[in-house]
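Below is one structure, written out as structure tokens; comments come after it.
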Amino acid sequence: MFENKPDDSPVYLATASHDQTIRLWQARTGRCYFSFRYPDLHVNRLELTPEKGKLVAACNPHIRLFDLRSYNPHIPVRNFVSHTKNVMAVGFQYTGHMMYSGSEDGSVKIWDLRVRECQREFRSVSPVNTVVLHPNQTELISGDQNGNIRVWDLRADLCSCELVPEVGTPIRSLTVMWDGTMVVAANDRGTCYVWRSLCERQTMTEFEPLHKLQAHNSHILKCLLSPGNNRYLATASSDKTVKIWNLDGFKLEKVLTGHERWVWDCDFSMDGEYLVTASSDTTARLWSMRAGKEEMVYQAHRKATVCCTLLRD
């Protein structure tokens, strides 16, 4: 069950698979230093909390928090129970006190980690596939199965803006530029819609259409803007590839090939120099952004690897 004690190796990469295991790896060496089974869970998303050593798994239908530095890291230290269907998105405010989640039950929920309870709830008409927090820390942006993108104002407790790029085409993934100036939405037709985000301190955020990018000919399962000054957009697709787009003109910079099945998830390193991906071919892979080449293959899962997250220290 455990391949090593978690104390002697910091967490660099976490992956979850349909084989009902969560694995933790050293990103540089490719060594899986421990794993644990979760036979009663279906994990859709993994996130490391702002508090070091803790991992959150968005499951069906609950959210579970694991303390990776405890003597029993496989036993959840907290269970967040309120959603009634698959939890598809989870994330945190930078202070670490507030957690947000989005679910196929059509809700976006706000949790206070100090009291373990759902504090607020926003309702969407259809299943929620993706939720991101704007860098201003006061707005959540959600995308749903009917193609709606909604901005939820946490100060006013209301939907302040709604965008519908393609009626009826599911929004699969959302990403926001680190400085809040750009928002990208990816859908099931392989299209990315890009807006310039106009932020005013005293008013709500406004969105100005900037670009429409036909990135793939099939589902985009994850889109992600790079951190810092690296101006790239990564799109992971059911066509087995990950494409890297230069934001200056939205030109195709690189195509990362090597996965043999759908690529479900991706995550940039903190400096934007590397990208990790998760695929139905059971592997996770590490890529160099400069070379556009595969640096490492993480292979131990027996079924599809559906989500991955890199430690941001």
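Every residue, even glycine, has its Cβ placed from backbone N, Cα and C.
According to Swiss-Prot, the protein has these features:
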- 1-35: repeat 'WD 1' (REPEAT)
- 38-76: repeat 'WD 2' (REPEAT)
- 82-121: repeat 'WD 3' (REPEAT)
- 123-162: repeat 'WD 4' (REPEAT)
- 166-205: repeat 'WD 5' (REPEAT)
- 215-255: repeat 'WD 6' (REPEAT)
- 258-297: repeat 'WD 7' (REPEAT)
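Helix, strand and coil counts under DSSP for the repeat 'WD 5' (166-205) come to 0 helix, 20 strand, 20 coil. Most Cβ pairs under 8 Å with the repeat 'WD 3' (82-121) belong to 38-76, among the candidate stretches 38-76, 166-205, 215-255. Sequence-remote contacts of a segment are chain residues at least 6 beyond its ends whose Cβ falls under 8 Å from one of its Cβ atoms, and for the repeat 'WD 2' (38-76) they are 1-2, 6-7, 11, 14-16, 18, 20-22, 24, 83-92, 94-96, 99, 101, 103, 105, 111, 113, 306-309, 311-313. Note on the repeat 'WD 2' (38-76): DSSP counts are 0 helix, 14 strand, 25 coil. Per DSSP, the repeat 'WD 6' (215-255) is made up of 0 helix, 22 strand, 19 coil. Taking H, G and I as helix, E and B as strand and the rest as coil, DSSP gives the repeat 'WD 4' (123-162) the counts 0 helix, 23 strand, 17 coil. As a summary of secondary structure, the repeat 'WD 7' (258-297) carries 0 helix, 22 strand, 18 coil according to DSSP. Summarised by DSSP class, the composition of the repeat 'WD 3' (82-121) is 0 helix, 23 strand, 17 coil.
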